[in-house]
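Colleague: Pulled the feature table from TrEMBL, pasting it below:
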- D187, V190, G192, D194, S196, E209: Ca(2+) 1 binding site (BINDING)
- H314: heme b binding site (BINDING)
- 76-95: compositional bias 'Basic residues' (COMPBIAS)
- 145-439: domain 'Plant heme peroxidase family profile' (DOMAIN)
- 65-99: region 'Disordered' (REGION)
- 1-25: signal peptide (SIGNAL)
Amino acid sequence: MAAKVGIFAAILLVCAILLPLLASSFPNHRPEFLEHDSSKTDVTIHGDNNNVVHANVNDIAIPSSNYETRNERSLKEKKKSNKNKNKNKNKKNKKEMKSHEHGFEAFNFEHPLIGGGHHGYPHVFPGYNVDPITEEHEQPEILGGLREGFYQNTCPQAEQIIKNGLTRAFQNDSTIAAAIPRLFLHDCFVKGCDGSIFLDTTPSGGKVEKLSPSNGITVKGFELIDEIKAELEENCPGIVSCSDVLAYLSRDAFVASGLPHYEVSGGRRDGMESRVENVVGNLPLPDDTVDQMIQLFNRKGLNAEDLVVLIGAHSIGVAHCFNFLYRMDTPEKAQMVDPRLGGVMKFTCTSQMSTIAFDATTQYKMDSVFYKQLLMKKGLLESDQVLTQDIRTRGFVQRFSNDEVGWFNKFGVAMNKLGAVEVLTGNQGEIRKQCRAVNL
């Protein structure tokens, strides 16, 4: 009897040794795997019969249903040192994961072929607190504490009310489209986008920003702001700030002039002070050099490209003669003016308050013609024209003159960057009831 038991045990031992060897003789069913270096775009694929194929990462599609294969493409086998280190940690999870050979404690989905982030498969890997992606987790883009769709729940009609106000005003006076964005820049560059340029008075009793020579008679649109704010207060009392009204209204002004629609972040609060002395050194001047403009924009969190992109707003609107006529009085400066434009300046500027369109060809349309004119020395303002002479800005002018769509795409981004300059958010500032005065 003992001999029979011994023979049976020997047979079992032989089977245990031979079966794995036999299985390894049939490689035709092993899954594909990728040899991938994240610094390279080419990968080597080993498949059936040891065939080797070279492919580009961008040409490889990974089936979303084959979860097991994706794990093998994104994971390395866990090292023994890590196993020993975590041997006594989380025994319950370790037991549940025992059948998996890849050591998923260090699991992450940042493989370049699959995508970043812990995208979570809780039903496959029990015991690991990884949340699946859901629509509730997707938040609008946040910029400087601001958020797209800010009034979606508190005043969902806000943006439509603002747009309707601009449409009515534009039908009566098309020049309003250029005036509103100018208000926006002059507000944001002086102590941030806080609606301080609207204030007629402040509790301190001092002179306010709108009385500065850089503003004064050259800025307008206050009545339109009052009208829209009154309608917003009637529908959503104490919800929409004056500074946000100006941000949305500026977008709508550009869209009315031909710019494609872009989203605007909201959430600004209104400031409670406005001082004329704050304007000095914080607004671009018509005779600024490129150095001065870049330094100013850098202080506001904007770069040289943003400068050239936003200067394109001069595709619409007019300039007063006192801002450029002096160029014809100096031979050196006059050389930078196209002779025909110089003739128009002298003929049209019967007074310093006379105006000429920045872009006489398409005065009411946002397009790339303005950049083409700069390259032909047809820029009214000296500060616009010098952008074509400096190596830091000339390339952008040339590019946008030939790529209107590219400029359009960058314009909305730059406007949102401008709209995030030194903003008040949360509990800072206030929501004014009327834009011309702080709340009592």
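Each residue, glycine too, has its Cβ placed from N, Cα and C.
A quick note: this is a predicted structure, and the numbers were derived from the prediction, not measured.
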Colleague: How many whole Å apart are the CA atoms of S196 (Ca(2+) 1 binding site) and the residue listed as 'heme b binding site'?
Modeller: 23
Colleague: Near D194 (Ca(2+) 1 binding site), which residues of its chain come within a Cβ-Cβ distance under 8 Å, counting only those 6 or more away in sequence?
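Modeller: Same-chain residues close to D194 (Ca(2+) 1 binding site) (Cβ under 8 Å, separated by 6 or more) are D187, S243, R268, R269, D270, G271, E422, V423, L424, G429.
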Colleague: Could you name the residues, excluding D187, V190, G192, D194, S196, E209, of the same chain that surround the Ca(2+) 1 site, i.e. Cβ within 8 Å of the Cβ centre of those residues, in sequence order?
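Modeller: Going along the sequence, the neighbours come out as H186, C188, F189, K191, C193, G195, I197, G271, S274, N278.
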Colleague: Go through D187, V190, G192, the listed binding-site residues, and name the one with the sparsest Cβ surroundings, counting other Cβ atoms within 10 Å.
Modeller: G192
